[in-house]
Each structure stands twice: as structure tokens, then as C-alpha cells.
Amino acid sequence: MKKEGASAKTKFFKPQTRKSFITYAMVIVAFVVMQILSSGGYISSMLTGLLVPLCVYSILAVSLNLTVGILGELSLGQAGFMCVGAYTSAIFSIVTSETIENVWIRFPLAILIGGIIAAVFGILIGIPVLRLKGDYLAIVTLAFGEIIKNVFAALYLGYDSKGVHVSLKSLSNLNLEPDGKLILNGPQGISGTPNDSTFIIGAVMLLITLIIAYNFVYSRTGRAVMAIRDNVIAAESVGLNITKYKLVTFALTAFLAGCAGALYSHNFYTLQASKFDYNLSILILVFVVLGGIGSIRGSVIAAIVLVLLPEMLRSINSYRMLIYSIVLIVMMIITSNEKTKTFISANTAKFKALFKREKVKEAE
Amino acid sequence: MAMLEINDLHVNYGMIAALKGISFEVNEGEVISLIGANGAGKTTTLHTLTGLISAKSGSIKFNGVELTKTPAHKIVEMGIAHVPEGRRIFQNLTVLDNLKLGAFTRKDKENIPKDIQDIYERFPRLAERKNQIAGTLSGGEQQMLAMGRALMSRPKIVVMDEPSMGLSPILVSTIFKIIEDIRKSGTTVLLVEQNAKKALAISDRAYVLETGKIVLSGKASDLINDESVKKAYLGE
């Protein structure tokens, strides 16, 4: 009886729907478990501090996977878009912290603004850059990411009774009145961002990101984007507007990265632009590659594992990076080598069969 | 007026002139072949026609509308479908997704499921493999999929680039039979082929290309008996 019910269920859902719902369920279960553990006081303060960054990195990995896995183009500008989102949302929150008292209105607005402005940057950069392919695209996006970071690191911004003051030179050039409010202090970054980010908001954002990503991949647009990835000439010959779909994907990636940036900046009181350097972009690319290019669930898992791993290994401090890099190499071999793949899948099949037999015995 | 009129078309790849002023026309309901050796400019002609590369000068008129300045995705909407050389199906998508993408530019979404059924009737092998990843199909099946995908846009004219390339003799005959079927259903066909014998056998008229110029043209039945064609392309 039980078996029939299960098979009816699998027929009822399309395979892709099932795939996405398993991922949503995983995120919800992980959230509930962490929530219970932290309310019971079972997790360390270090791990509590990592909860929001975990959500941020997962969102970044999922969004980059849309460009790298679905569109098939290598982009290394993720940190730059994140920087745009982080800064613009933080500026918005600081400016409106007195006028909009309610966090539940102000923070979603800040996230949305961070995302939209990052998407605008994505489109502006995408128009010239997406004509390039492969390595060239990677290099140019890397450069744009660095430019964005450096411009924000040189920016001074404040406001007083006379209005808004902007300078790219120095604090004294800003001519701010003594009672004026300084928002951006050049290389020292933003300070005074309200700490609005919580684990709940992070988890909800991650869930929304996953819903957007899955619906994008399985939509008509997603199919068109994958067609472009598979064969540009064929895609053009069936009448796809290549530039349009590339830009849409790039902008969506930038939008989600901007939202993640907003979540990130509202987790700290102060934030420097130097945090958004190319190492961060490459770190996110590592999550995507290790999670499996094109696998959205894999991106989330890889992001979580690779963020937690160095922290978990803190106790064996001097060997920490050694073990971390060994894990990276082993995961790379497992995910890229055909032989290891078939070996693993054969063994998991055996394991599953064993498990099933036991279940049948139990039922009997 | 001819359906497709190409007039004094010049195309360059950088400094190299690939097409040096070719002119030809295709009437509605015809099967026209472009034959010629490697490097004659056959594929270049098709790619210029479908907007994948741009012309240096000259004109391409489709039902009176100029195509040389129209982007590729608009040309498909106007009713020209392209079966590219070497199949070029979407390797990582399913057969069904490939067919759906063929209908991407269509506005009448409600008729698409029926057309997919029609394609399955025409190519029963595709129906058997509809949920299979296209990259796992055999060469012949991939060619059928590429043709089916092109027909999904309900084209007025189908442009085919070497559909018989790399296929076994039996499959080549099947593919040519399909081309005849397509023509019978009322679609015009512009065919580029190296297999001149087979191509001429099913065509109404043909043009012979040599290093970017049309050197011969006429009824296919006449060309097939032409001495120079026989010598150069039919291996007799």
C-alpha cells in the first residue's frame, strides 16, 4: 500500500518540481534545526556569527551558478556586484533609519534597492562585456569588479543642512558642516549601518533566491539561455535574441548578488570596500565549481561546507589550510573524474538496495 | 515576384572575399540546390541569408523585405528556418526542449503541441526519444531533430546546410526523402549540398558555385546531364 502511494506521488510532480522542492525542504529543515539548537544554547557563538554569512554565501553561489552553469559564461565580477548592493543598501538604511522606524519595511526596501542598483550595474557592464567569450569575459568582469571596489573605497559621502556632499579626494574636500552626518569615509568604509540582518531574514532570502533560480531555469527564458550555452549558432538560427537573454541572466545574477551584499552589509556595524576583492569572487566560483556547475542545490551545499570547514578546523590551527586544500582537491577529483563518479554511483545504488531490503523486512 | 531574391551579394571575411557578387532567386514551392566544392561559398551564402554574418554589399529580399540589415532573430520570425551545418542541436537539452525552442519565436502558442505531434508523426524516432538528452542521439536522429526543430517555426522557406553530411548511405536516402516530403507539404526548400547527384535529383533548379561566384545555373534535370558538372561534381 505504502509503495503505491509513493509512486503516485512521484508521478504527480514533474521531476524538476520534485528537485526544487527537495532543495527548499533542505533549507527549511536546516533553518529549523539551527534555530532549535541556538535557542537551546547548543551552538557556539562563533557558529551563531556565521549563520548570516552562510546565507549570504549560499545566495552568491546560487546566483553565480546562473551565469556560470546555465548561461555557461565565466564571470569573476560577483564581488563587485555584491559591493554595489552592500553600499547602496547601507547608505539607504543609514539615511532612512530615522524616517522609517519599522525594520520590517526598511530592511526589505534596502535589500531591494541594493539588488536593483546592482542589476543596473550588471546591465551597464554586461552590454559591452557580454560580447566577449570565455577567458576574456572572465578577465574583464574581474577588472570591473576591482574598479567598483576601488571607486567605493575612494568615495566620501555625507549630508548636512545644505544637502548631500560627495568627494573622491579626501574627507576635508567634502566641506561637511560640523553637525553633518558622514556616511562613507573613503577606505574606512561605511559605519553606522543598522544591524538588521538576522538568520530568519537570511534564510527567507535564500529560499526566495532558490525559488527565483529554479523558476528561471525551468522557464521558457531558462530554456533559451541553456540553448545559447549549448550552441550559439543554433540558438541564433532558431531565432533567439542572444544579447537579450545573456543580459537578462547577467542582470539577474547581479541582482541576487546585490541582495546578498545588502544582507552582508547589514550584518556589520562597519564595512570596508576592501572586503569585496577578487579573492571573494574566486571563492564564490569555487563554491559553484565544487557544488557542480549547473547544480543549484550543489551550490548551496558547497557554500555551506566550505564556509564552515575552516571554522570547524580552527582547533588544529596550523594544519587548517592544509586540510582545507586537501578537501578541495579531493572534492574536485570526485566531481570531475568519470571513474570515481561511476564508482560512487554504483556504491550508492548498492547501499540504497541494501537499505530498501531492510525496509521491506521491517514491513514484513 | 520571386519569394527570395539575392542580388549582387558580396561578403568578406576580413580581407578575404568569400562571395564575389552572386545573384539568384527562389520561387515559392521550389526546391533549389546550391552545389559546389569546399570553400565555394555555399555556407557563407546561407549564413548571410539567415543573418548570422553581415554582407559587405548587395541585397537579399524576402517577399520584398530587405534582409541584409535585419538581425538573425527577426529573420526567423519572418518565416525563414535554418538547419545549420553539422546538426548543431542543443546537446544538453531533451528532444522535446529542442523542438520547443524551434517554436520560440511563434506567437500562436496554442498550436505548438499539435505541431510537435506532427513532427513526431513525420519522425517517429524522435517520438520514441522525446525525453532523451539530444546529445545521446545518433547522427541521423540528430539530423532529423535539427530538421524537426526548423519546421517547428512553421517556416515559409527552410534553408538546409549539408543535411547529408556524415551520414550512412541509407540515412542519406531517408533524409532526401524527408526533404521531398517537406516540399510536398508546401514549404519551399533551399538546399546546400556536396552530394550533388542526390541534390539535383530532387531539385527543380540549381546553381553551381565556384570560389564565390555562380558559374552555372539552370534546371536540375539539365545540369545533371551537363558535361562540366558531371566531371567536377558527379565523378563521372
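Cβ atoms here come from the backbone N, Cα and C positions, even for glycine.
The feature transmembrane segment is assigned by TrEMBL to A:21-44 (among others). Sequence-remote contacts of a segment are chain residues at least 6 beyond its ends whose Cβ falls under 8 Å from one of its Cβ atoms, and for the transmembrane segment (A:21-44) they are 13, 51, 199, 203, 206-207, 210-211, 214, 296-297, 300, 304.
Annotation comment: TrEMBL describes A:50-72 (among others) as transmembrane segment. Cβ atoms under 8 Å from those of the transmembrane segment (A:50-72) belong to residues 34, 38, 78, 82, 197-199, 202-203, 205-206, 209-210, 213, 216-217, 222, 225-226, 228-230, 245-246, 249-250, 252-253, 255-257, 259-260, 263-264, 267, 284-285, 287-289, 291-296, 299-300, 302-304, 307-308, 311 of the same chain, restricted to positions at least 6 beyond its ends.
For the transmembrane segment (A:79-97), the residues of the chain that approach it from at least six positions outside its boundaries are 60, 106-107, 109-111, 113-115, 117-118, 121-122, 141, 144-149, 152, 157, 159, 181, 183-184, 190, 192-194, 196, 253-254, 257-262, 264-266, 271, 273, 276-278, 280-281, 284, judged by C-beta separation under 8 angstroms. Under the heading transmembrane segment, TrEMBL lists A:79-97 (among others).
Annotation comment: TrEMBL describes A:103-124 (among others) as transmembrane segment.
Residues 73-81, 83-84, 87, 91, 95, 121, 125, 129-130, 165-171, 173-174, 176, 180-187, 189, 272-274, 276-278, 281 of the same chain lie 6 or more positions beyond the ends of the transmembrane segment (A:136-159) yet place their CB under 8 Å from a CB of it. For A:136-159 (among others), the entry in TrEMBL reads transmembrane segment.
According to TrEMBL, the transmembrane segment annotation covers A:199-217 (among others).
The transmembrane segment feature in TrEMBL is assigned to A:247-266 (among others).
If you look at the transmembrane segment (A:278-309), the same-chain residues 6 or more away from its ends with a CB under 8 A from one of its CBs are 19, 22-23, 26-27, 30, 47, 50, 53-54, 57-58, 60-62, 64-65, 68-70, 74, 76-80, 82, 142, 145-146, 206, 210, 213-214, 217, 323-324, 327-328, 331-332, 335. The annotation transmembrane segment is assigned in TrEMBL to A:278-309 (among others).
The feature transmembrane segment is assigned by TrEMBL to A:321-337 (among others).
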Exercise for the section: For the transmembrane segment (A:247-266), could you work out the same-chain residues 6 or more beyond its ends whose Cβ comes under 8 Å from its Cβ atoms? Expected result: 52-53, 55-57, 59-60, 62-64, 66-67, 70-71, 75, 78, 81-90, 93, 107, 110-119, 121-123, 125-127, 130, 190, 193-197, 201-202, 205, 209, 212-213, 216, 221, 225, 276
Exercise for the section: Would you kindly list the residues that approach the transmembrane segment (A:321-337) from elsewhere in its chain, counting only those six or more residues past its ends and only Cβ-Cβ distances under 8 Å? Expected result: 286, 289-290, 292, 302, 306, 309-310, 313, 344
Problem - Residues from the same chain, set at least six apart from the ends of the transmembrane segment (A:199-217), whose C-beta lies under 8 A from its own - result: 16, 19-20, 23-24, 27-28, 31, 34-35, 38, 51-52, 54-56, 58-59, 62-63, 65-66, 70, 107, 111, 226, 252, 256, 259-260, 263, 296, 300
